[in-house]
Amino acid sequence: MKKFFIIGTDTEVGKTYISTKLIEVCEHQNIKSLCLKPVASGQSQFSELCEDVESILNAYKHKFTAAEINLISFNQAVAPHIIAAKTKVDISIENLKQFIEDKYNQDLDILFIEGAGGLLTPYSDHTTQLDLIKALQIPVLLVSAIKVGCINHTLLTINELNRHNIKLAGWIANCNDSNIKYIDEQINTIEELSGYKCSAKISRNADYLDFIDLSKILISPEENE
């Protein structure tokens, strides 16, 4: 089973959009996948679920339940550690790790774990999402929304991953804003300064077919389990 932790360079960069497209390509290619969203916030306007959880379930055509993919959810779209403190919820690294590792014995080809926001999103006053990734010791897929500031955000995230010896399996350029200029130049700059080639360049209204090459890379034997 391949395992990947999906994070963004920031919040609202398209992590869940990328996750759902990866799910779609796995479903079309008969790759057995499961995408978890351990911590979620922001209730959907269409149901009592958090919006990201609902999107993932819809991508799977509801063959999984919310409880199978999500452990902790908050109705308000607020930083997890803030709303957790307000509602007296403990976002425990150990509990999250156990929730994720409980899926390791399932018959899956690939397991995605979609994080909450960016690499250093706080879970409490003394822990961040980075602590969970370090505890799991699995590779990261980084989503960067190509816009003003993305070069700095992407390089900072990659540098922090490198500093903690966390493998970057790939980074995805989410080019969903047609008004942004010099997209290729920004991607090239990130590649040159980070030393990592862009794994996929995704445009607005991308089809799942745009993710086939990326899915082949992720499922390949060369990728660490």
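Cβ from N, Cα, C; glycine included.
Taken from Swiss-Prot as is:
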ACT_SITE  K37  active site
BINDING   E12, V13, G14, K15, T16, Y17, D52, E114, G115, A116, G117, N174, C175  ATP binding site
BINDING   T16, D52, E114  Mg(2+) binding site
BINDING   S41  substrate binding site
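Secondary structure at E12 (ATP binding site), as computed by DSSP, is coil.
Spacing of G14 (ATP binding site) relative to E114 (Mg(2+) binding site) is 11 Å (Cα to Cα, whole number). Our reading of the ATP binding annotation (E12, V13, G14, K15, T16, Y17, D52, E114, G115, A116, G117, N174, C175) yields a largest Cα to Cα distance of 20 angstrom. Scoring each of the binding-site residues (E12, D52, E114) by how many neighbouring Cβ atoms lie within 10 Å, the top position goes to E114. Distance noted between the C-alpha atoms of the residue listed as 'substrate binding site' and G117 (ATP binding site) is 10 Å. Take the CB of the residue listed as 'active site' and look out to 10 A: across all protein chains shown you find 27 other CB atoms. In sequence order, K37, E51, D52, S55, I56, E114 are the residues near T16 (ATP binding site), counting only same-chain partners six or more apart with C-beta under 8 A. According to its DSSP assignment, K37 (active site) is coil.
C175 (ATP binding site) counts 21 other C-beta atoms within 10 Å of its own C-beta, drawing on all protein chains shown.
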